[in-house]
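Engineer: Questions regarding the structure given below will be posed in turn.
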Amino acid sequence: MAQHTVYFPDAFLTQMREAMPSTLSFDDFLAACQRPLRRSIRVNTLKISVADFLQLTAPYGWTLTPIPWCEEGFWIERDNEDALPLGSTAEHLSGLFYIQEASSMLPVAALFADGNAPQRVMDVAAAPGSKTTQIAARMNNEGAILANEFSASRVKVLHANISRCGISNVALTHFDGRVFGAAVPEMFDAILLDAPCSGEGVVRKDPDALKNWSPESNQEIAATQRELIDSAFHALRPGGTLVYSTCTLNQEENEAVCLWLKETYPDAVEFLPLGDLFPGANKALTEEGFLHVFPQIYDCEGFFVARLRKTQAIPALPAPKYKVGNFPFSPVKDREAGQIRQAAAGVGLNWDENLRLWQRDKELWLFPVDIEALIGKVRFSRLGIKLAETHNKGYRWQHEAVIALATPDNVNAFELTPQEAEEWYRGRDVYPQAAPVADDVLVTFQHQPIGLAKRIGSRLKNSYPRELVRDGKLFTGNA
């Protein structure tokens, strides 16, 4: 694999020499940093099993190497990487996999270790969505996830990835993560804080990642991280699990932050060792039981993961002074909900008791039941999935609902050819050789729902959202 030149400040190298265990080679560290990062993907088990995915992609000649800490994760090598970006494959467009760095699969593995099965989870710094979508898959779309993102520009990307993967149990918020301890005290069974950091571990992906690095900057970042972990710990219920992670390598932003929390709440913080998380985890194990992953250990990004348990309640923070405002939705009455459910089933959309119908004007939404306790405590950017808009003739079903709720065994499902599917993703109407009988058609490709279409004569009218329309070369190889 080709080398690339990474910029290393001298002070950073000095710091790494001091931080690295004697069992590891510093020369190996430098060599690993100069190698480009291996590509990796995670199969979205909400859409397809790992076995079925491997069978589906077998003809492509992809070399898929299992990632030890994630059963559905694989390092991927392809002969035609330049010819077709992974993001333009049919399997990616339909949400069958997520392009995710192998190290970043570790925090969610830690969150669900030892049979942990939380019902209400918070992802404090969620964009672009790799870990939120991984959490949702582990929860099988049950329970609820509060996915927060401080950066307004990244909330849109977060929602797009959640929607593409067919996730229905997520509420999005846009806050500074430091507000949650006061706003929603002790309300979560599990919390992932993948904290903003100095990014020392990402040089294999970005050779210039350390251009603005300084020890002083690390100290400032660590101060913010302490405030974030304190807030997250307050939002965690007694008995709950907190996973703290970063993609950086210095101890000040990693071990020291966790030790600060334990010093602050000595009777309430228990470190849960991660040495048995996967075979070989002991190679990165610290004396506290954390995983400090230098890039040469597993040939991946540098990363840090700690798992903590809150053993008892702690004093509450002062109540927040902001006002959330009136919640603009109201629950749909049972009789009407039954009618809506019946109409939705007619086009192949079904849901279970984990989701409940709410209404705002002419909009119908499905919210995860386990998020309802947070209504009135935080302001949501987006909650659950938009099911439909009502109009005089019935319902206008929404694309995100189709991707999350439809199953391909519906009587009105219509399987497209590869060429027709590509036309669909380009936002064009489709003219199949044999037109379907039904007027409302559940369009599928590779037996995966990819949208709803109206049959108009011999034409299938495209309803693919404009913002998702693709151009350029796609999976059939035609531009």
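Every residue, even glycine, has its Cβ placed from backbone N, Cα and C.
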Engineer: Which candidate from Glu142, Glu149, Glu186 does Swiss-Prot annotate alongside Ala125, Ala126, Ala127, Pro128, Gly129, Ser130, Lys131, Asp176, Asp194 at the S-adenosyl-L-methionine binding site?
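Structural biologist: Candidate listed by Swiss-Prot for the same site: Glu149.
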Engineer: Between the Cα atoms of Gly129 (S-adenosyl-L-methionine binding site) and Cys247 (active site, nucleophile), what distance do you get, rounded to the nearest Å?
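Structural biologist: That comes out at 15 Å between the alpha carbons.
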Engineer: Please identify, from the recorded positions Ala125, Ala127, Cys247, the residue with the sparsest Cβ neighbourhood, meaning fewest other Cβ atoms within 10 angstroms.
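Structural biologist: If we count Cβ atoms within 10 Å for the recorded positions Ala125, Ala127, Cys247, the smallest count is at Ala125.
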Engineer: What's the CA to CA span in angstrom from Ala125 (S-adenosyl-L-methionine binding site) over to Cys247 (active site, nucleophile)?
Structural biologist: 13
Engineer: Give me the Cα-Cα distance between Lys131 (S-adenosyl-L-methionine binding site) and Cys247 (active site, nucleophile), rounded to a whole Å.
Structural biologist: 13
Engineer: On a count of neighbouring CB atoms within 10 A, which of the binding-site residues Lys131, Asp176 is highest?
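Structural biologist: Its Cβ has the most other Cβ atoms within 10 Å: Lys131.
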Engineer: Provide, as an integer number of angstrom, the distance between the C-alpha atoms of Asp176 (S-adenosyl-L-methionine binding site) and Cys247 (active site, nucleophile).
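Structural biologist: About 20 Å separates the two Cα atoms.
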Engineer: Taking only the Cα atoms, work out how far Cys247 (active site, nucleophile) lies from Ala127 (S-adenosyl-L-methionine binding site), in Å, as a whole number.
Structural biologist: 14
